[in-house]
Amino acid sequence: MTVLLVALGGALGATTRYLTGRYVDSYRSFPVATFLVNVAGCLILGLLSGASLSEQTFALLGTGFCGGLTTYSTFAVESVGLLRIRRALPSVVYVVASVAAGLAAAWLGFRLTS
């Protein structure tokens, strides 16, 4: 049962990430969508981690949804992609802002529910 909950949550999270990317990044040359979904995922996972949830609920929302929503691999490829087209400063800003905002969002989420 837990595996099915993770799969369902993952499908919903990945679909949310895909739709966010289709809508947001169609208007920008900077990886805004990946930044947004990763920070949102950190906030949600922080909220879930601080809350008293059943194992099944955490599997659905934490492991599944947040796991499908967030994407470290796309973050890495987009960072390198900016470097490849000689946009070093935007790449560095993207990396630093992503890590800082993700940590801050996770901390905030945890603080709000613990």
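Every residue, even glycine, has its Cβ placed from backbone N, Cα and C.
What Swiss-Prot says about this protein:
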type: BINDING; residues: Gly67, Thr70; note: Na(+) binding site
type: TRANSMEM; residues: 30-50; note: transmembrane segment
type: TRANSMEM; residues: 57-77; note: transmembrane segment
type: TRANSMEM; residues: 88-108; note: transmembrane segment
Contact set, same chain, for the transmembrane segment (30-50): CB under 8 Å, 6 or more residues outside the stretch: 13, 16-17, 20-21, 23-24, 58, 61-62, 65-66, 69-72, 74-75, 78, 82, 90, 94, 97-98, 101-103, 105-114
Contact set, same chain, for the transmembrane segment (88-108): CB under 8 Å, 6 or more residues outside the stretch: 30-31, 35, 38-40, 42-43, 45-46, 49, 75, 78-80, 82
Assigned conformation of Gly67 (Na(+) binding site) - DSSP reduced to three states: helix
